Each structure stands twice: as C-alpha cells, then as structure tokens.
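Input: a single structure, listed below in structure tokens.
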Amino acid sequence: MSGSGFTSPFGANSNPFGSARLDTGGNGMQRVAEEDENDTITSPTTPNFGQGTGNVFRGPFGSDSSETQQHSNPRGPPVAEGYPAQYNFGRRTSVSAESLKPVGDSLDNWTPPVHSKTPDQLARLKKAISGNFLFSHLDDEQAAQVLGALQEKPIPTKGIKVIIQGDAGDFFYVVEKGSFDIHVNSSGTLQPGPDGMGPKVSTIEAGGSFGELALMYNAPRAATVISAEPQCTLWALDRVTFRRILMESTFARRRMYEGFLEEVPLLSSLTPYERSKIADALESQKFPAGYTIIREGDPGHSFYLLESGEAAAYRSGSDDDNTPVKHYKKGDFFGELALLNDAPRAASVISKSEVKVARLGKSAFQRLLGPVEGIMRRTKYVGVKTGVEDMDPLQAH
Amino acid sequence: MAATVAQTQAIPPGLHPLQAAALRAANGGQQQPQHQSQQPPNRNFDDEPFDVTSRKLTVGDFVRVRTLGTGTFARVCLVRPSHGTEADRSKVYALKILRKTEVIKLKQIDHVRHERQILYDVKDHPFITQYVASFSDHDFLYILLDYVPGGELFTYLRKYRRFNEDMARFYAAEIVLILEHLHEQQGGIAYRDMKPENLLLDGEGHIKLVDFGFAKRLGNNESGHPVETYTLCGTPEYLAPEVIHNKGHTTAVDWWALGILIYEFLTGYPPFWHQNPIEIYKQIVEKPIIFPQDPHISDAAKDIIRQFCTIDRSRRLGNIQGGAAQVKRHPFFAGVDWDAIYHKRHRGPIIPPIRYPGDAQCFDIYPEEDASKDEYTEDLVEKYDEYFKDF
Ligand SMILES: Nc1ncnc2c1ncn2[C@@H]1O[C@H](COP(=O)(O)OP(=O)(O)OP(=O)(O)O)[C@@H](O)[C@H]1O
C-alpha cells in the first residue's frame, strides 16, 4: 500500500517548491543517493540544517553544502561495515488487515466453510503447510478447520495467471497437481507486452505453495504466477477465512478460560483485566486417559483447569486407594494451592479419559500479577485461614 | 459577510484561487520568514477574530502551505488560517486529510474513528500531538493538530545513522511515559504503530507521538470487555509475534515495539529485517535478537531490548507485574529523573533548526500532485456517512 492514490482537497500540484520527491515510501538507499548527487545545488530534500539556533549537537544534515562537497560521501548510503546487506533505509509504511470482530462479540453466527477432501488429499495438504510458520503453531482444531476451508481450484490450461504482480492479494495457494512458474518484473508490476511478466525466477511443483503474505494483509503481489502445464489443480484459502478461524477459536478459548478462572475462589478478586492477562498465560496441554497429571507428594508448581474430558483425584492412605476422593469434569480446576506455596501435592490427579487441560505456572502468575497472597488479601480471604484449606482437596489436613 | 463568501468559493477541491493562494503563501514563507507581515492575496480579510476551536470548521478556513507527510491513505499538510486577525492568520497547524473513499476501500473506517476519538481523549499529554479539532466535508475527513515543527525522528536517526545510548535513553524515557499514560492512565489504549517515522520532534527536541490511526481502546480494569484485539496492523519490522500469529493481542505489543525501537536507535536498523516481509515475520516468530559487535551496546541496553522483545507475554517487560513502573526501574534507565522527563526540564539531544514558527524545513518534500480520484457516490454516502458523523 502506498499513499500515491491520495488526492487532496486543495487540488493538484501546488508543491510550493515546485519539485517533487521521486520516492516517498520506497527505497531509501535511492533517496540518499539522490541527495548526494544534488549536493552541489541546494536540494529541497536536504534542507540546510545546522544554521538553526542553539544546536546542542551538530545538525544531522551536515553544516553546509561546501563542506559536504569536500567529503564526497559523508552521509552516503549507510551500507558500510556492520549494516545488513541491502537494508532498506527508507520510510516504512504501515500495513493493516481488515478489522475483524469475533462473532462471540455479536449475535451473528459464523462457521468456517468446509470443502470435502479425500484422506489422501488431506494428508498431502497437511504436509504442504506443515513447515509454514503461519500454520505451524495452530492447534489441532484450528488446523482441521483451516484444512477443511481450503478450496479446490482447477486450472485447466497452461498459461493462466493465477496471481498478477502488483495486484491486490487475497488468497494463499497450495499446488495439488501440475506446476507453476514465478515471474518477477523489476518494475514491481506486470507490464503489457510479451515480456511483461519479467524473467522467470523459479517454478513451484505439487506440494509447494505461494501467496502466503495474503493471509496476513492485502499487499500487492510481489510476483506473477502462471500455470506451466495443462490440467493443474490448486487449493486456495482466503485471508478473511483464515484469520477468522484463528480468531474465533482463540477468542472462544480465552472467554472459556476467563469463565473458568472466575469460578476459582482463590482468584475471585481478580478484575476482568487481570483474568484476561492470566488467560494469556495459560498453556493448553493434552493427555491420554490414565495419565498422572499431578502426583501426590510432588512439589506443586502449577495450577490446572480442565478444558475437556474427565479426571479424578486419588489419595494414598484413604480407605481404599482406588476410590477417587474427587471427580473433575469440564470447567473444574485442581492444584491451585500451588500458586500459594510449594507444599507437596496432597493427592494425585489422573485422567479418566483423554483430557485437555490449561496449565498455569506459579511463576507466570507471579510475574503477571505478583504473589497470590497479595491478590487474596484484597478481599474476603483476609485472615480466613480455613477458607483456603477448604478450597483444595489436594491440600487437606 | 465577505469572508464567508470567499470561504465558500474556496471549498471545492482543486479550485485554482486557493491553490494559488497556498503557493504564494508558501513562497512568501520561504523567502521571507516574517510571514506575519504578508497576507495571502485575493482575499478581503476582515479582522474578525478566528478561533479554530470556537465553531465547526471547513477546509476553506485554511490555506495549505505544503505537504508535511503522506501515509497510506492520508496526507498531512501544513496549513494556516485563511482569515481572522493578523495574529490568527500567523498561526500554523498540521491538517491530516483523509479521503473517505480510500478509508472505505482500505477498510479503515473503524481505525479512523478510533483515531479521532483517542486523539481527543489523550489531549494535553506532553509527548503526544495535540488534537485541535476535526471536521469533514463531502469527500474528506479532517483532523486539525498542533504543528510539530522538528520533523520525524526517523530523519535524524537515518542522518546520524544511530544514536548513542544517552540519546536513545532520552527518547525511550519519553516513550515510556507515553505508554504508561496510554496503557495505564487512559485505561488500556494500545497504540500499535510505534516506529521512528511516527515520532516527531518539537522545537525543544522533545518527542511528539503522531498517527493514532491504529490506536485502540481495549478493556481495562473497570470495563468488563475483552482486552485483546485481533486486527493485524502496524509496521512489518515492528510487529509483535502474537500479532503475526493472530493470537489476540493487547497493549503488550507496544512494549515489544519499544524494544525494536531501542535496538534501531542504537544500531541504526531493526533486529529483524528482510526485503521480503514474510521473511521478516518468520524471523520475528522464530529467531532470537542478535546484537552486532559494532557498535558496542551496553549490557543494560541489551537486557532491556531482550526483555521487551520476549515472545512469552507472561515474561515481557512492561506487560508483567508493575507495568511501566517496572520498566522505569530497569538498569537501562538508571539515573533517569522521571519527573524531570515528564516536565521537560531538559532540552532534547537534537534541537531541530527551526527558523520561524511555520518553518517546515525539517520535513521531507512530498509530491503535491494527486492521482486518481474515486468518486464518493451517493450510494457510498448513504451506506457509510453515518460512520463519519463524529468528525
Ligand atoms: N502534527 C503534525 N505536525 C507535523 N507533521 C505531522 C503532524 N502529524 C503528522 N505529520 C507528518 O505527516 C506524516 C504522516 O502522518 P500520519 O502518520 O498521521 O499519516 P498516516 O496516513 O496515518 O500514516 P501511516 O500510513 O504511516 O499510518 C507523519 O509521519 C509526519 O511526518
């Protein structure tokens, strides 16, 4: 995106200096070079700094043009030692995607589109996107929804331009079948004429993908991609669908966490803002059935919320070691006294089915909100020692 | 009265007399710094006082001197009142002009509304550009701001190549006070576009933050609203990992960006950089920050940069317990008198060379010509104009 399309209400071309800067948002190297060429005359882009009043430091633009002339390159392109090669020193423009509001916020309903795929296709797709940093951090549900939302796009003939350099980009593509050539025209956009695509820079085969920047925001395409053979097939995913899938699931999970946290007596005095911060720090973990999530006698470092599945607490020395002292289902929590102290766990908690838990480490809690004791002291827990004891069967007596 | 007639004639876009007036005013300003003595021609000025805050403004109340900067969909112009007493007319302002069709096309309606509202809410902070007024006409939205004459810190940084630690500390300290105000005193405003391009210098070398185009009021202690937001926005080199991954982000993104900014101050370039933005994003989410051998960067500076640029938000300085107060206690800021910073007791390390109040020599020159115009049709008016009614 650039500001070139802007038309001001003051009307056209009233640049008071009668000289347009060629390059406003782009290549700063070029800009600096231009200034150097212009040094002998007074360039409007290099105002005569240094003649101002009371400079503490020497003017950043050098003191005067004659001096600048003597040292031929005193403020030339800073490509010298220590600078990253080809670093662009120009002004950087902002980027922005369309604003998205989670539907959880409103009354609309949104479900991601599902385009059915064979298990083979799914497996190939999974492989194709697995190495991509935009997908690698997705959880299972998100990944499944994203895979489902990819839509098949047959490209029947050779020579079809799937994306055009310089055009707006809204889709990301995975190549299912066939191959595609990538061309880059150095002008930044597709030009008319036979060579308008510019030279070919590479080829993408089945399993490859292109156009991922479009999943972040609408930026002009950096290349033209054209089918290199007949009968190609692509999978396409648009930005809004992709971002929505991520947003809706994250939003829903955070609200769920906040809801759970609200039920924890130890944390009842947290403000919504603080609960939200804690929700940020919760880590989701999955365990198979029969897994010992916390072990009696171990020092406690974490607190758990049960997101799905069931679990039970067992205590040695109870009447029957195999009879649980407590059952946990979705929304229940255990081990929260670990937030208070390092006392050994008073019971073991074992998953009864596959479970998903959200784990909060004591240290993360303290980093974000300080010691729990401080939080508790805010309200009703002041001095009510037994209240604390009652809260966690794992710490009893 | 005569002035009103002149004004209404001057409003239509592209009308020649206004343009000519602007040109002459600007040229006059160039050759003759004592601009108070010259009057934009072709006008019958009455001496009736003109107070920009006293009534709804129109673009005809101003003449353009020159463009100060352009952004994605806005142009910011140095302007002067076109009428009023001599004193009124000698004042200068920065007028941010947004074309409604562009705002709609780029899906920035929400952002523009937040910008106006938040600028209004944060008025009077020492390090934030002062909002004066807003207005609109058929095609444009306008935000009138105090003119900040020193130009972008970006320009100075590129010219100096890098700042020494004292300079970086000075600017960083002022920014800490801005973030403290936005995040904590204003109840959860995320700024979301921290970078040297958006930091201007005033006449004494202090920072003024501009461009609240992405600022958003999130929930806070009192409101029961969610405190995170999901729209990806910012500047590639400065985006926080949680923004790239669409995890829902909070005011913590500004602390990340401050880390990037201090790095760029001290080295002259940001820690994550590539010609291809996708590669920048990959680095941000996957790579640790690496410091160059040269220039030497102190351990305290390295530490504060690493603590701000921490992917885990439960460890990110500024976001963790203590918030901005904790930031202020970091060894990098050892010896900083925060009260003195807030009250601007010392001048900044760079004093912009400003010759007279409306001097714009610290700004780059931008082409004034304008490209294609999409018409703001009646359909669009019907559909969207209500969203702009606050202007
Ligand atoms: N009050 C002011 N005084 C002087 N110059 C200003 C002022 N406000 C803005 N500018 C100049 O205009 C430039 C563009 O303004 P701004 O960043 O608000 O526009 P934008 O279109 O929102 O930009 P972006 O695309 O970077 O978000 C600024 O970087 C600055 O150089």
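Cβ from N, Cα, C; glycine included.
Feature list (source: TrEMBL):
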- A:1-17: compositional bias 'Polar residues' (COMPBIAS)
- A:1-85: region 'Disordered' (REGION)
- A:40-50: compositional bias 'Polar residues' (COMPBIAS)
- A:63-73: compositional bias 'Polar residues' (COMPBIAS)
- A:134-263: domain 'Cyclic nucleotide-binding' (DOMAIN)
- A:E212, A:R221: 3',5'-cyclic AMP 1 binding site (BINDING)
- A:266-378: domain 'Cyclic nucleotide-binding' (DOMAIN)
- A:E336, A:R345: 3',5'-cyclic AMP 2 binding site (BINDING)
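If you measure from the Cα atom of A:E336 (3',5'-cyclic AMP 2 binding site) to that of A:E212 (3',5'-cyclic AMP 1 binding site), you get 42 Å. A:R345 (3',5'-cyclic AMP 2 binding site) and A:E212 (3',5'-cyclic AMP 1 binding site) have their C-alpha atoms 47 Å apart, to the nearest angstrom. In this entry, A:E212 stand out among the binding-site residues A:E212, A:R221, A:E336 as having a C-beta under 8 A from a C-beta of chain B. Packing around A:R345 (3',5'-cyclic AMP 2 binding site) is summarised by its Cβ count: 23 other Cβ atoms lie within 10 angstroms of its Cβ, all protein chains included. For the binding-site residues A:E212, A:E336, counting C-beta atoms within 10 A of each C-beta gives the highest total at A:E336. In terms of DSSP helix, strand and coil, the domain 'Cyclic nucleotide-binding' (A:266-378) has 30 helix, 37 strand, 46 coil. For A:R221 (3',5'-cyclic AMP 1 binding site), the same-chain residues 6+ apart in sequence whose C-beta sits under 8 angstroms from its C-beta are A:I163, A:I164, A:Q165, A:G166, A:D167, A:A168, A:G169, A:G211, A:A214. In the three-state DSSP classification, A:E212 (3',5'-cyclic AMP 1 binding site) falls within a helix.
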